[in-house]
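Reading through the structure tokens given below for one structure.
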Amino acid sequence: MADSTLHQPAYPVRFVTSAALFDGHDAAINIMRRILQSQGAEVIHLGHNRAVHEVVAAAVEEDVQGVAVSSYQGGHVEYFEYLASALRDAGAGHVRVFGGGGGVIVPEEIERLARSGVRIFSPEDGQRLGLPGMINELIQTCDVDLTGERPAVEAVLAGERTALARVITCLQQDALPAADRDALLAAARDRTVPVLGITGTGGSGKSSLTDELVRRLRTDQQDKLRVAILAVDPTRRRGGGALLGDRIRMNSLDGTHVFFRSLATRGGHELPHDIDAVIAACKAAGYDLVILETPGIGQGDAAIVDHVDVAMYVMTPEFGAASQLEKIDMLDFADVVAINKFERRGGADAVRDVSRQLLRNREAFGADPADMPVFGTSAATFNDDGVTALYQHLLELLGARGLPVDEGVLPRVQTRVSTRFAQIIPTARVRYLAEIADTVRTYHARTRDQVAAAQRVQRLELVAAELPGDAAVADLLARARAELDPENAALLARWPEVAESYRGPEQVVRVRDREIRTTLRRESLSGSSIPRVALPRFTDHGELLRFLRSENLPGHFPFTAGVFPFKRDNEDPARMFAGEGDPFRTNRRFKVLSEHSEAKRLSTAFDSVTLYGRDPDERPDIYGKVGTSGVSIATVDDMKALYDGFDLTAPTTSVSMTINGPAPTILAFFLNTAIDQALDRFRAAEGREPTADEAADLRARTLATVRGTVQADILKEDQGQNTCIFSTEFSLRMMADIQEWFVRNKVRNFYSVSISGYHIAEAGANPISQLAFTLANGFTYVEAYLARGMHIDDFAPNLSFFFSNGMDPEYSVIGRVARRIWAIALRDKYGAAERSQKLKYHVQTSGRSLHAQEMNFNDIRTTLQALIAIYDNCNSLHTNAYDEAVTTPTEDSVRRALAIQLIINREWGLAMNENPLQGSFIIDELTDLAEEAVLTEFERISERGGVLGAMETGYQRGKIQDESMLYEHRKHDGSLPIIGVNTFRNPHGEPERTLELARATEREKQSQLDRVREFQRRHRTQAQAALARLEEVARTDENIFEVLMDAARVCSLQQVTETFFTVGGQYRRNV
């Protein structure tokens, strides 16, 4: 759509954008809010997982014309109808509601929601209008003047939020009558309301610090004070749009005690032109404190000082040389300075240097620099004592200026800087990714040198054979052999024996006193003898050594071709994802999926209520999602029903659980279920209760034998998937506690984390970024666990990986590149043993490549993706069902998806061979290209302070969003051909089809509500004691998971989640 045809708004158009409750799929809404901004809208972006009441509160306080919400997790009908109703009830019925959810929202539901006043965009709308066209419709529909309906001044003075919000709109547009304006100013003058100004450099964490200060004020003063926050962000000179990105960072806005308004500068430099009148309106509305936060400023900006009573300047330790402080204008005027992100290198030096600069600026030369109002804070650290010290100092200053404060409940702190922040990665280790890149490149450089040395040795051996007894030749040969490392000489010397062991009809290996026989050849219908592992035919020793060091056979370092010598004969890699409704329905689905397989490989999808650590509830925006797009699990009893009939300790049973934020609690439910199964079997067999020693032995044996994986990858959640619920710091502590508990209890066959690239890819990343970010996250866990004092070989075998497969060429080598980098780094960088060097990974075919148009074509895409995953020796595989673009898969579509794998593994002829990619020129080329691209990305992340440092600046999220934007644009303009979507479209249109939509039934939803309430009633007394103990331990350095294992027996999921919120803090969203 050309710029000349876009609607040019006549009025300031404002939108609230978000993803729905319990929905982390924010790639689409991020694209939409970016285009809204570019077309001139002011966007208040709330991010993912937003309840209806949060969206309504934002719409009212921000006085927007429109709300745009994406919903991909089901429950959309209930959510949008509840949203429209709640807006009307809040006096904001004029706000237009827009939504989208790809093919998940079917035409009948779109029509139903239209009758409720909700405009849903379908995939067909996207094809017809394109991205700019859809956004243009939003802008055009919402280009209305809100100032025509002005509230009475009495309504503002009475504290009505809708009235205050509209008055601010009128003030910004110079549309408030002079009499009303004067009345507000007069009312403001009659009240003593201090104004706290917060300004500072961009990226210093002003919003996070503001949120932490407000949270402390509410806790300390027991919600006796009302606070109005005005957050200013700049208007873009080109286009006039603005990203108003402060509200997304706030976790302290619940209830009616805090009013929050985002303001665009609209032509002003640092502040809107009528900011004083806006502040006065907040005072007149009865608020006790006004906080004004301005955008990031340069060294010479101090405009905020003229509008506030107390001015605070926020900066970080990275200001350069101390002489740069002399150029910062605000240091002449600030009442308080906060050095945020104090945990970074140079934090203490920054506090010292700024204190000395303030002393000079104030000409207080006789004073102690330590008495200057400079605080070292870490707003990202939950309950940081440096922030508390800052809060208590500000409270004194504001109290002196009229803020009616009580004594408060927070104990006084005796520090001015953070003392308790935890360094997850020690400062000395922050360059770990650059070191790994160097390790891998050094390995390959040595390979090139050794290839040349091997070739020289071979040539000289031939010469020596032709000239026996020649001393000069013998001397040259001896020197050449000395240049060949003994390890590499041994590889070449062993090769004939290794090759011979693969040429017979079977290979016999003795393990202790057991003999393992493996058939080496399979016969085709034509009588051809197909080798399970094909061998290279190199005669040149250099090329052979290059193969052995760069690839090698499956099961041999560097494991490029696979971590095991052969695939299991009795177990396909299929691991099918299932979960819908209540535990009983999903249990039945598991039994159907596994009935024809001796190995029971169960992969569990949880509903979004569970994914966000909540219990089922009647509230419409929750109720609609119970048991939808996954199974509802709220208690250990639910978990027992889910896996009833499966022996969780059988060597042929393996359970995968895709859950992240509340993963510790779900894992505790699962392990208790496995233990209770063992105890029940003992009771049934022996007819009595086990003794204490017998029970302990059964527990230990269960933990040692249970097989499976819990995803629990919190780093990728922050970067792409968005089911983080606790603060990142607390979540990482819990991950380390789980792994430490695994080590103590000898849990060797269960993966404590599935380091996942799949969701990074689903959020929009290309295959290189998916692989680089995922491996970088894996190495971050390695460094974090080493820093906790664990030994590499105690925890590395408990790490697994999870990748997406798509249509891009790099997906053909994603597994082999990952295995090679991991093996080289673990051996040569970390000194790990062979078991730790083996990277094992699960593959799921791409959900993003499933399209609602021409859905039958989806199985073709899935088949190709499954083929390359099997060729690359993935350790397990899930093939998506063709109808997942629209609904949770039906039994029929799941059967078809499983058949894809079965046909490849059992019918496809080339699958008789287990290393079909080796020897391909293009695969070799792609492997090297992808590996180098990953190593280069490691260096980029390292430059930003490693994975955690890069996350702090939003590097990974930004890159994923950019790559998602590129894909969507190319899909919509047709330059990326997608068959049946933007090319080769059905000339007769989409055939009418009646899809079976998989949804939880009313009976299942109500049953889950009844079950969790009954569980809580039954365990009320025990739960209170268990939660108190859990909170106590979480405040110390003890292992939380040890106590959680007990608490999980008597507490529901939400009870544990809320306890962890109290002691660990909530996740703070990023734009």
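Every residue gets a Cβ built from N, Cα and C, even glycine.
ASP246 is the only one of ASP220, ASP246, ASP306 that Swiss-Prot places in the Mg(2+) 2 site (with VAL232, ASP233, GLU293, THR294). When SER204, SER207, SER355 are compared with the Mg(2+) 1 site residues ASP246, GLU293 in Swiss-Prot, the one appearing in that site is SER207. The C-beta environment of ASP246 (Mg(2+) 1 binding site), restricted to residues of the same chain at least 6 apart in sequence and closer than 8 Å, consists of LYS206, SER207, THR210, ALA231, ASP233, SER262, GLU293. Listed in sequence order, the residues of the same chain lying 6 or more apart from GLY205 (GTP binding site) and placing their CB within less than 8 Å of its CB are VAL314, THR316, ASN340, LYS341, ALA379, ALA380. Distance from the CA of THR294 (Mg(2+) 2 binding site) to the CA of GLU343 (GTP binding site) is 24 Å. The C-beta environment of ASN1070 (GTP binding site), restricted to residues of the same chain at least 6 apart in sequence and closer than 8 Å, consists of GLY47, ILE248, ARG249, ASP718, GLY954, ARG957.
Within 8 Å of the centroid of the Cβ atoms of SER207, ASP246, GLU293, where the record puts Mg(2+) 1, the same chain has further Cβ atoms from ILE198, LYS206, THR210, ILE229, ALA231, GLY245, ARG247, ARG249, MET250. Counting other Cβ atoms within 10 Å of each Cβ, the binding-site residues GLU293, GLU343 show the lowest value at GLU343.
Taken over all pairs of the listed GTP-binding residues (GLY203, SER204, GLY205, LYS206, SER207, SER208, ARG249, ASN340, LYS341, PHE342, GLU343, GLU952, ASN1070), the Cα spread reaches a maximum of 20 Å, rounded to the nearest whole number.
Note: the Mg(2+) 2 site is recorded as VAL232, ASP233, ASP246, GLU293, THR294; in the same chain, LYS206, SER207, LEU230, ALA231, SER262, LEU263, LEU292, PRO295 also have Cβ atoms within 8 Å of that site's Cβ centroid. Residues within less than 8 Å, Cβ to Cβ, of GLY203 (GTP binding site) and separated from it by at least 6 positions along the same chain comprise GLY296, THR316, THR953.
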